[in-house]
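Asks: What follows is a structure written as structure tokens; I'll ask about it next.
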Amino acid sequence: MLYSLLKKYLFSLDAEDAHEKVCKILKMLSSSPFLCNLIDSQWGYKNPKLENEILGLHFPNPLGLAAGFDKNASMLRALIAFGFGYLEAGTLTNEAQMGNERPRLFRHIEEESLQNAMGFNNHGAVLGVRSFKHFAPYKTPIGINLGKNKHIEQAHALEDYKAVLNKCLNIGDYYTFNLSSPNTPNLRDLQNKAFVNELFCMAKEMTHKPLFLKIAPDLETDDMLEIVNSAIGAGAHGIIATNTTIDKSLVFAPKEMGGLSGKCLTKKSREIFKELAKAFFNQSVLVSVGGISDAKEAYERIKMGASLLQIYSAFIYNGPNLCQNILKDLVKLLQKDGFLSVKEAIGADLR
């Protein structure tokens, strides 16, 4: 009831203005362990059936918040309290940048979807690291999503990723290389096997922490499989599928720029993930994101081969109860099918 009133107010505002107001509140809450514990007591959910050890990290549950919500690692404590099993901060770039011109964030309410053309707006790696350390330690694993600065030419992209990774080496539990945002000109061109190979070979020499590649949903299947194979061969520990889509046919009234996320992406993301899992299940940790908004969809992705999940748009539309609702219902679905834990259900459809 309370969130429905708050949502009505927030949805009367420009989408980015609303997000900024929420961020201010969450940052304030993150400064208070007492308030975070209060949130956790109301909206958190813990069940040993949902716990898992992946890549040496303990995940209280498989449901994470995708990168883009907390761009500067300034409200992670509060977000964890809403029931997430892990979070991904960023996208951080080597240097601070403003991103694209506003308006750049839009709602497609009937489709429960978002369209964003943000352009990696963030305070830069130095301030992101400072903020992360200020609020540490954290109760769940935290990933750091890394991107390329807009002004960096393609020929120097590898150096730029090396620079931002180097600044972030002392924070986070894993790193995700974002080559798939549609909002940085030509960034998706880096989704090729040669660059991906160079990128992960470079990163493996710099850190022993897990490394992930986040891919776009708009790749041709053969291209996607080739790129992922290159990443895994070069040392990637996991693949996150997928980022936002540029397929404007998925909503009734799309804006000219920006990637789409939310329920409009459910089918497309699921189909991409299915192909990914058929080829690489048991070879890599697979993370499914895109259009997940309830336990049924979450469970389907897990049975398809997802060790972990991420949400974003559904959190905007459904509010603070979402994690708790998904996780409670997920436990029921596991029990109904005779699984003793979520770990047993991963890849069940492939066995």
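Cβ coordinates come from backbone N, Cα and C, glycine included.
The following feature annotations were taken from Swiss-Prot:
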type	residues	note
BINDING	Ala67, Gly68, Phe69, Asp70, Lys71, Thr91, Asn145, Asn178, Lys214, Thr242, Gly262, Gly291, Tyr312, Ser313	FMN binding site
BINDING	Lys71, Asn116, Ala117, Met118, Gly119, Phe120, Asn178, Asn183, Asn243, Thr244	substrate binding site
ACT_SITE	Ser181	active site, nucleophile
Asks: Just to verify: the residue among Gly119, Gly262 with the fewest other Cβ atoms within 10 Å, which of the binding-site residues is it?
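Replies: Least crowded of the binding-site residues Gly119, Gly262, by Cβ count within 10 Å, is Gly119.
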Asks: Mind giving me a neighbour count for Asn178 (substrate binding site)? Other Cβ atoms within 10 Å of its Cβ, every protein chain shown.
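Replies: Other Cβ atoms found within 10 Å: 27.
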Asks: Which of the recorded positions Lys71, Ser181, Gly262 has its Cα nearest to the Cα of Asn243 (substrate binding site)?
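Replies: Sorting the recorded positions by distance from Asn243 (substrate binding site), the top entry is Ser181.
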Asks: Checking the spread of the FMN site as listed (Ala67, Gly68, Phe69, Asp70, Lys71, Thr91, Asn145, Asn178, Lys214, Thr242, Gly262, Gly291, Tyr312, Ser313): what is the longest Cα-Cα distance, in whole Å?
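Replies: Overall maximum Cα spacing for these binding residues reaches 20 Å.
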Asks: Rank the recorded positions Asn145, Ser181, Asn243 by the number of other Cβ atoms within 10 Å of each Cβ, and give the residue at the low end.
Replies: Ser181
Asks: Where's the emptiest Cβ shell within 10 Å among the binding-site residues Ala67, Ala117?
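Replies: With the binding-site residues Ala67, Ala117, fewest surrounding Cβ atoms within 10 Å: Ala117.
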Asks: Given the recorded substrate site (Lys71, Asn116, Ala117, Met118, Gly119, Phe120, Asn178, Asn183, Asn243, Thr244), which additional residues of the same chain have their Cβ within 8 Å of the Cβ centre, ordered by sequence?
Replies: Gly68, Thr91, Gly99, Ser181, Pro182, Thr184, Gly258, Gly259
Asks: Going by C-alpha distance, which of the binding-site residues Ala117, Gly119, Asn178 is nearest to Lys214 (FMN binding site)?
Replies: Asn178
Asks: Please identify which of Lys71, Lys214 has the densest Cβ environment, defined as other Cβ atoms within 10 Å, among these binding-site residues.
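Replies: Most Cβ neighbours within 10 Å: Lys214.
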Asks: What's the CA to CA span in angstrom from Asn145 (FMN binding site) over to Asn178 (substrate binding site)?
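Replies: Each residue's Cα considered, Asn145 (FMN binding site) and Asn178 (substrate binding site) end up 7 Å apart.
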Asks: With Cβ-Cβ distance below 8 Å and at least 6 positions apart along the chain, what are the contacts of Tyr312 (FMN binding site)? List them in sequence order.
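Replies: Long-range Cβ contacts: Leu65, Ala66, Gly68, Phe69, Leu114, Ser261, Val289.
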